[in-house]
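Asker: I have a structure I would like to understand better, so I am pasting it below and will then ask my questions one at a time.
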Amino acid sequence: MKRSGIFYAAAGIIALVVLAGFSYKERIFANQNWSEEQKSLIASLLLDALPALPADPSNRVANDPRAAELGQALFNDKRLSANAKVACATCHLRDRQFQDGTPLGHGVGQTNRRTMPISGTAHAPFLFWDGRKDSQWAQALGPLESAVEHGSDRTALARRLAVDYRRDYERLFGPLPEFTGLPDHASPEGNAAAKAAWSKMTEGEREAINRVFANIGKAIAAFERTIKPRETRFDRYARSLQAGTAPNDQLSEPEIAGLALFIGKGNCINCHNGPLLTDNHFHNTGVPAVEGLPEDTGRALGALQVKNDPFNCRGRYSDAAPSDCTELNFMVSEGDELLRAYKPPSLRNVALRPPYMHAGQFRSLDEVVRHYNKAPPAPAGHSELEPLKLNDREVHALQAFLATLSEED
Amino acid sequence: MTRRQILKSRLLWAAPLALITMVGLGAAAKMRSPLPENLDLSLTRYSDAGLYQTRLDTDMNPVSIGAMHAFIVTLRTRDGRPVEKAALTIDGGMPQHGHGLPTTPRVTADLGGGRYRVEGIKFNMPGWWTVTVHATSGAGGDETTFNLKL
């Protein structure tokens, strides 16, 4: 009798622990238990809350379907590269959320950064991990002249347009300049020969070529504006939660637990907020430096570059009035907070595109979440992270939630 | 009732009690870091040394996170007279996170009558923000800090 009493007591305790654990899960998982504050945070992430495509006053052809058509052709055209083997689409693969799945991009050479996805970037005030460009069209110009991406130059690109796209170009932007006497290869950003050739051109010739160069970017941007995020399982869950209907079957228990952590204890929503799950700002999260790559100061350099970029919103190739350039006009351009700060990318489709961070430092979402959980000191500057003290179950739940942000085919 | 039955019935009671305790603990663990108690959210305040009465009006209501907007700052003396031609600078940040504003707002128009338009305001995170208006005029220099909860 005594023995069986101990047995029942032990069984009872085990049952209690299981029951308690279960009830705890039930509490987080049942959507009717979301607080009003949690519900409103969840609603703020819903794709339906994404504002209409913002106007781009710096690009007068931004919404012209003919420009988007030309831009799409240019995006896929390998002839715009030095070796005729690299297009934008080489690293921005349509069937992989317009990224390439490798730690560093590979054009005619290897870049120092991870290729970024394109979807939804029309909503971003600053482009690239360090925000060194302030529009989609100015961003598109960078890789064309980068020695390790397209490896091309301004006069070569303008000549290419004249040969292959004259009619489409001219009906959008007016007559191409006369190329007689202009060098085959010239750019202020290229190799020594290209730079020398550029310096020998007259001011008027340079401006005419710069204008064609900028227009190439504007056409590509018109295409990129059409690349938009699509609904996910999370959106369906959040929408029915908002509507007050019971969508229990749409997210699993760990996924819902992960959502609770995402908007709560995990602090993820601090930077990954809004329908694109990015605040489009710049944060130092102590991501390790990569051995062998040059020193990378992130936004500290990016802020100076965008300020001085001749193709920025205030530049002569922009179609905007200077007063339209609000983001540039009021940007933070100096301070300790910029050192090794990088832009949080949209988390939509994040589970489908390892590796992670600005140089592909983490191979998996597990490594990412564990990094945020541990919050190591930054290699330079000051990390914004604090240790999260998540247990393994919570680490896995967060990953499960992140996978609900994937678009389905 | 046998001993075993008593044990069983106690277990039956203990389970819901344990459950309720777990629910309570879970709820406490899940709360976002709370705001300080008695946080003054008023948008008309006296400056630190009491030189000015400062009022903040926003042109976006409710303020949405990540959207650029503007403030109208109204500056008055303690006895309510408008402070004309003051020099204003604005800063702020999130005290709980130790970072500043994501933009550098500044006065873009002196609207007269002690009213100043401040453009370039953006808040990129939910939570507790502070905005400090530093004002200098013939009356002297002083600053007013506002608390905003987004």
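Every residue, even glycine, has its Cβ placed from backbone N, Cα and C.
Because TrEMBL annotations are produced automatically, they should be read as predictions rather than curated entries.
This is the feature table in TrEMBL:
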- A:C88, A:C91, A:H92, A:H106: heme c 1 binding site (BINDING)
- A:C268, A:C271, A:H272: heme c 2 binding site (BINDING)
Asker: 10 Å Cβ neighbour count around A:C268 (heme c 2 binding site)?
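Answerer: There are 23 of them.
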Asker: Filter the binding-site residues A:C88, A:H92, A:H106, A:C271 down to the ones with a Cβ under 8 Å from chain B's Cβ atoms, keeping sequence order.
Answerer: A:C271
Asker: In the structure shown, with every protein chain counted, which of the binding-site residues A:C88, A:C91, A:C271 has the densest set of Cβ atoms within 10 angstroms of its Cβ?
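Answerer: Comparing the binding-site residues A:C88, A:C91, A:C271, the most crowded Cβ belongs to A:C88.
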Asker: Residues with Cβ closer than 8 Å to the Cβ of A:H92 (heme c 1 binding site), same chain and 6+ apart in sequence?
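Answerer: Expected: A:F75, A:F98, A:Q99, A:D100, A:T115, A:P117, A:I118.
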Asker: Report the nearest neighbour of A:C271 (heme c 2 binding site) in space among the binding-site residues A:C88, A:C91, A:H106, comparing Cα positions.
Answerer: A:C91
Asker: Inside 8 A of the center formed by the CB atoms of A:C88, A:C91, A:H92, A:H106, which other residues of the chain have their CB, for the recorded heme c 1 site?
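Answerer: Near the heme c 1 site, the remaining chain residues are A:V86, A:A87, A:A89, A:T90, A:L93, A:Q99, A:D100, A:G105, A:G107, A:T115, A:P143, A:E149.
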Asker: Please identify which of A:H106, A:H272 has the densest Cβ environment, defined as other Cβ atoms within 10 Å, among these binding-site residues.
Answerer: A:H272
Asker: Which whole-number value in Å describes the distance between the Cα atoms of A:C88 (heme c 1 binding site) and A:H272 (heme c 2 binding site)?
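Answerer: With distance taken Cα to Cα, A:H272 (heme c 2 binding site) is 27 Å from A:C88 (heme c 1 binding site).
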Asker: For the C-alpha pair, I'd like the distance in angstrom between A:H272 (heme c 2 binding site) and A:H106 (heme c 1 binding site), rounded off.
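Answerer: Pair distance, Cα basis, whole Å: 28 Å.
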Asker: Which residues, same chain and not among A:C268, A:C271, A:H272, have a CB within 8 angstroms of the centroid of the CB atoms at the recorded heme c 2 site?
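Answerer: Leaving out the recorded residues gives A:F262, A:N267, A:I269, A:N270, A:N273, A:L277, A:T278, A:D279, A:P344, A:L347.
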Asker: Through the lens of DSSP with three states only, how would you label A:H106 (heme c 1 binding site)?
Answerer: strand
Asker: Using C-alpha atoms only, work out the spacing between A:C268 (heme c 2 binding site) and A:C91 (heme c 1 binding site) and round it to an integer in Å.
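Answerer: That comes out at 28 Å between the alpha carbons.
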Asker: In DSSP terms, helix, strand or coil for A:C268 (heme c 2 binding site)?
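Answerer: Looking at the DSSP assignment, A:C268 (heme c 2 binding site) belongs to a helix.
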Asker: Based on the record's binding annotation for heme c 1 (A:C88, A:C91, A:H92, A:H106), what whole-number value in Å is the widest Cα to Cα distance?
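Answerer: In whole numbers, the farthest two Cα atoms are 11 Å apart.
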